[in-house]
Each structure stands twice: as structure tokens, then as C-alpha cells.
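Asker: Can you read through this structure? Questions will come right after.
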Amino acid sequence: MKAKINLKYLPIIAITMGDPNGIGPEIILKLHRDKKVRNFCLPVVIGDIAVLESYSKLLGIKSGIYSIRNSVREEVRSGKSGEIMVIDEGCFDIKDLKPGKIQAECGSAAVRYIKKAVKLALDGEIDGIATAPISKEAMNRAGFNYPGHTELLGELTRTKHFTMMFIGGELNVALVTTHMALKDVPKAIKKERVYKTIEIVNNGLKDFGIKTPKIAVCALNPHGGEGGIFGNEEEKEILPAILEAKDNGFNAEGPYSADTLFYRAAKEKFDAVISMYHDQGLIPVKIKGFGRSVNATMGLPIIRTSVDHGTAFDIAGKGVADHKSLLEALRIAGLWARKKIKD
């Protein structure tokens, strides 16, 4: 017989609904049919009830939707399993709902959900955030010129230094640079930026209970620059950052050539790999665990995780989207929150 879970001690994690025309609403509906979610957190959705009800009818997913009107903590804890607790922003005109389409109205709504979640987290009303996917193009059409979620969250929390870390299976990978053109990456690789990433990742892993994280740092260039033949960022910026990190007590190693490091990392069990740019780090992560990995933003004053996929406009509204990455994002956010609460 299973022990009954005491809801009093489960952290409350807000799910931002993401782009209304993407798969966010669908995976949220499917998530709430999964009984596993209440093993590690109590979810509350920040979005539009009208959108969720529309997808519920479209996809034939029966759901009990409850609008929170007063205390988030009290009402979420009194909710029933399978019931979708929603903070209804009421900011999206249901007539604009067109699954699979990129629209400014959707970008504006998605940003509003994020802003509400951040405010609640900073005010202590919730214990963390798990974000459903947004469309960067829709955001930009609405006048919000951010490369993505991460940069918007940094501004909303007034955080200067933060990083994306993907947690999944055999690999945990953080990025020195995030959403930028490949041609701009080399000039963005600076000693301070590499060092701050090592520091943020080290501290973030400690939040997860790893006392002395073992961190491997990628080179930027093929073969680590080969003594300057293929570039000198390793000698000028990356290695000095690693040496400073070591001087400050961090267990950091490198720079290692990326073509062999990820294989080594999976076998030698580094606690994290720091890669220099987006695709250098995310390709191996997604090969190893697509749909099971989670994006965790390290360095913020709040807990934030996200799915490892995008809006998937090509399948939006078709009933075939998988909610497992969102479930994993909630599991990681719940684990993270419990450790921080305990500390």
C-alpha cells in the first residue's frame, strides 16, 4: 500500500501556458491527467481559461478547470487531483485562436503570463515556474524584442548574470552564450563571461545537493584551437577563466575539445559540461534525451524550468503532442524547490 502524500509539503509550481497557438495548452491538459505530477509538486496554470476550454473541446480531453480568485497557496492546496487550477489572465481574445499560426496577439499573451508568474515567484506566492513553449517570432511581432524566455526572465528579475542549463539523462549542459548568431559567438567569449558561467553552474548544482560539482569546460575551436592555429579564444579567454575558477575553489577542468568531451562526460560522470554556444551543447543533449531533458535557468533569484522543445506549430491542435517533457520540467522544479525550502 502506497503512503499518502502530504500535500502540505509539496511545492507549488506555476506553469505558464506559453503561446496559445502552440502545443502548450494541449500538453497542460494532458499533464493534469497524469497522476504522477502530484508526487512532486502542486501545479497551477497561468494563462487563459477560454483557451484551455477551447482546446479541451477540440481535442476531446475532459478536464475540470477551476479559476483561482483569492490566495494562490490556499486554493491550490485545496484542489483535487486532475483538477486544473488556473490564474486566469483573460488577456487573449478567443476569436484570435488559430492553432499553428504565428500571431502578435499570442506573443503578447505569452509575455503577460510570464510577467505574472515572475511577480508571484518574487512575492513568494509560488515556489517556482515551469514554462510551456513560446514563439520568439510572435513575441517580436508584439514588440517584445527578446531572444527568448531566458533573457526576458533576466530582465524581469533584474539579474545580470544567468545561464541556461539543460538537465537530462547522462548529460547536464550549460551555455556561455545562448541565442545569438554563430558569427557573433567568438567575440562574445570573454574571460568574465566564461568564469561567471562556471560560478553560476557550480552554485546551481549545489542547490541540487551536489557538494563539490565536477565541471568540464568546452573549447570553442576545433581541437581546442590547436595552439592558436584554429583560433586563440582558448588561450586568451577560456583557460584563464578556468584557472581563476580553480583558484576560487571550483572543481573545473578544460578546455576540452567538444568532439570528444560529451562522450567522456557521459562516461566519466561530470556533473555538468559548459559549452560555448547553443548548438555545441544542445545537439548532444537532445540526441541523448530529447523529450526527457529540461531547461533550467541558473542564476535567477527564482526557480525556473522549461520543456526542451518549441511550440511545434506543425502539430498544434492535432492531439498528438507529448506532455512528458513538461512533466519532467515540473519534477525538476519540484525537486529544486524542496531542496531550497529545506535549506
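Each Cβ is built from the backbone N, Cα and C atoms, and glycine gets one as well.
TrEMBL feature annotations, pasted as is:
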type    : residues                               : note
BINDING : HIS149, THR150, LYS286, ASN295, ARG304 : substrate binding site
BINDING : HIS179, HIS223, HIS278                 : divalent metal cation binding site
Asker: Quick one: among the binding-site residues HIS179, HIS223, HIS278, LYS286, ARG304, which has the most Cβ atoms sitting within 10 Å of its own Cβ?
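Answerer: Of the binding-site residues HIS179, HIS223, HIS278, LYS286, ARG304, the highest Cβ count within 10 Å belongs to ARG304.
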Asker: Quick check on the binding-site residues THR150, ASN295: which one has the highest count of other Cβ atoms within 10 Å of its Cβ?
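Answerer: Its Cβ has the most other Cβ atoms within 10 Å: ASN295.
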Asker: Note down the number of other Cβ atoms within 10 Å of the Cβ of HIS149 (substrate binding site), including every protein chain shown.
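Answerer: There are 25 such Cβ atoms around HIS149 (substrate binding site).
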Asker: For HIS179 (divalent metal cation binding site) and THR150 (substrate binding site), what Cα-Cα distance in Å is obtained after rounding to a whole number?
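Answerer: Between the Cα atoms of HIS179 (divalent metal cation binding site) and THR150 (substrate binding site), the distance comes to 9 Å.
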Asker: Which secondary structure state does DSSP assign to HIS179 (divalent metal cation binding site), in the simple three-class scheme?
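Answerer: DSSP assigns HIS179 (divalent metal cation binding site) to coil.
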Asker: About how far apart, in whole Å, are the alpha carbons (Cα) of THR150 (substrate binding site) and HIS278 (divalent metal cation binding site)?
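Answerer: Cα of THR150 (substrate binding site) to Cα of HIS278 (divalent metal cation binding site) measures 13 Å after rounding.
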Asker: Under a three-state reduction of DSSP output, how is ASN295 (substrate binding site) classified: helix, strand, or coil?
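Answerer: The three-state answer is strand.
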